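Below: the structure, in structure tokens.
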């Protein structure tokens, strides 16, 4: 069972921007693209743990503010030639309400 | 007048193929025929290939008209535009139009083109479904784009991709459904098709490949499409662009032989010797046509035959294709892959740069080429394929292009083209059949100096534009002008910084969206490299008008603090000229205690840095500092940082002038300004230079006789000592000259270029000419700087400490356990 938690509305996140959500596992970054798609990632760049929520969002990617690694919002993978991955989380937009799926986090937290 | 009575030629179809034939005919036999043209569309003859550019907003309808109405008049051609022919009587040799008009002919030319191929889908008759064929279709699509609806394009070939990209450029969200696993599979191999999809995906198109459309959703009007695998794609506009089929209606009416198209022989005549056919409506040797090059060839042969030539015969030339999506460069010709053991593939791949090349070699001949990303050598490869040339000698260098393959060593020109090595009969422009020799001749004879002039005089690169780099290289080669490409800003554009800055002013571009559209940006949102640069350039060009796009700023400039490696921030209040007071120091100490700030450090710029502040504490920290009169020191900005001073004549026994007060005046004038990169100043009270003014962007060194102004210093990775600019006599002059230099750097510097490399790029002589030798120019620069400052000097901390500006930046969206 996925545990869907209402974290707010899409309007709370600026277009091409991000907000953070505090969870048991640490901070989660939730992103909104220019086309109103939303994505959630653990807020740590695979390189040096930079807060991805503070990066510049472009297309479906974000540039980490610390050293400009570019991370795919959907997969969490770094763009080549960099290598690494941060954990993506399920996030649904249901009529403007954003629901974060936290079972993956729980599994990691207890596993 | 001619004594021989003229024959009557009737042309059905006012499109590219028909009118090209008429043009060729007029060139060969201007008085042989009285010509009547029927066209179903109510427009003069236009370039259908460029409709995608009209859709994308890169061209207007007027730009793509090939022959205006005046051309018909001048050539005594009777045009019936908007009056379709509905009947042909081959026995009495007459045609009948929808209006009832009947016209007799001696020779008839069918050039009715093609119809969009329509899949057998339920719901295709609903409103909201369009094809991509003519100006009326474009009008429908633009109306939908205006209403900001969503589009679904069915078909991932040339036509579908160009339609999708055009709609995307018009601001519509676009999804594209393609039956096959990769795009443009008839022109590209899997790898190039995959790269294409990746690049277009990055630009915001959404793809549903391997998607078989099952039906159109919607009852009153189209609401999307349903795919056979259960996926649904919502959309208010559905564009069907899966291909074309020859329009054979007139062939049926004339009762000539028809298969897939109207059958023609090598002489372009149908089964009725007085009826000819050219273009997309014909079938020749089992082949039908959709690209322009073979159709131009047909027009040539048909015109020769109509002019009385009995020998001219048509052979389908080798074909090459190109996709017209600005910034996406794709080329293919001949075979896409090895077909048997005798064929060999040579592949070059640079994934990071997005460059891919595949050549197919059979024996010692090149038989196919697929290029992605860098297509400058497309024309050359195409020549090798068409010419069936022996490539054994250069086989090992062939993949690197003409610049390398034609030479013994690696000496190719920068553009990857070796113009000198091209023979005069090398065809440069495939659309219009223009050779290198013809271009060189026109440049020489007519004194052409620009690409547009070469286009106007030779038609080279005037149709699809694929050969533009080659034509440019030839122009540079002949005129000797520098063809070296400027350094591009980033992967989103082919333009350099200077070009972008000039375009902003020349074309009065005032928003990021307009700018990216006008300059053909390759990505929808830009990237972390170009967005901050464009934001700065617009801010600098239009002070007071341009609204800062804070989403295009690096985090430090967005939250007005400096991000540290652990995600906390540093806070540096401004200390004017490095001077502080006990009250300010107390406020700083209190803030450090109250918010548990772990480190308090004196900076190199004579200020105090509070390190390790949590993001959510920033507004409160700023609020407390504001209470004591402290404002942002912009220690995080590409803007004015510090003005370092010594104590000068006020205290020092060696001081010559009041360097501290002058430093404070400079800082009060310049604080809050945005610049291409950070700017640091210093004012030293005597030549001992305790404020280290000779490694600053602007340094002032006080002497008994006045003030020495030095510029372009840097104490960073590469230490650079300033260049002396001039000696000034009053403080007012120091302020004016410093502000003028600052403004010159603001207007000419490339984003992230410090004054030191800027100065080396433009040269000290240039700076002197602008600041010292042009009094009016300097005063104008000074005035522009002060004008820009009138919008810049608001303390960003105060704006945020009050909870007003960007409050969301400093709070979590939610806390969940």
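The backbone N, Cα and C atoms fix where each Cβ goes, and this holds for glycine too.
Annotation source TrEMBL lists domain 'FAD/NAD(P)-binding' at B:8-286. The domain 'NADH-rubredoxin oxidoreductase C-terminal' annotation in TrEMBL covers B:320-386. According to TrEMBL, the feature domain 'BFD-like [2Fe-2S]-binding' maps to B:428-475, B:488-538. The feature domain 'Nitrite/Sulfite reductase ferredoxin-like' is assigned by TrEMBL to B:564-627. The domain 'Nitrite/sulphite reductase 4Fe-4S' annotation in TrEMBL covers B:637-777.
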Can you break down the domain 'Nitrite/Sulfite reductase ferredoxin-like' (B:564-627) into helix, strand and coil residue counts using DSSP?
29 helix, 14 strand, 21 coil
I'd like to know if the domain 'BFD-like [2Fe-2S]-binding' (B:488-538) touches the domain 'Nitrite/sulphite reductase 4Fe-4S' (B:637-777) in this structure, counting it as a touch only when three or more C-beta pairs sit under 8 Å and are separated by 6 or more positions.
yes
Which listed range (B:8-286, B:320-386, B:488-538) shows the maximal number of Cβ pairs under 8 Å with respect to the domain 'BFD-like [2Fe-2S]-binding' (B:428-475)?
B:320-386
Take the domain 'Nitrite/sulphite reductase 4Fe-4S' (B:637-777) and count its residues per DSSP category (helix H/G/I, strand E/B, coil), listing them in that order.
55 helix, 34 strand, 52 coil
Mind looking up the mean pLDDT for the domain 'Nitrite/sulphite reductase 4Fe-4S' (B:637-777) in the predicted model?
94
Per DSSP, what is the residue count of the domain 'BFD-like [2Fe-2S]-binding' (B:488-538) in each of helix, strand and coil?
26 helix, 2 strand, 23 coil
Composition by DSSP (helix, strand, coil) of residues within the domain 'NADH-rubredoxin oxidoreductase C-terminal' (B:320-386):
9 helix, 34 strand, 24 coil
Secondary structure content of the domain 'BFD-like [2Fe-2S]-binding' (B:428-475), with strand meaning DSSP E or B:
27 helix, 4 strand, 17 coil
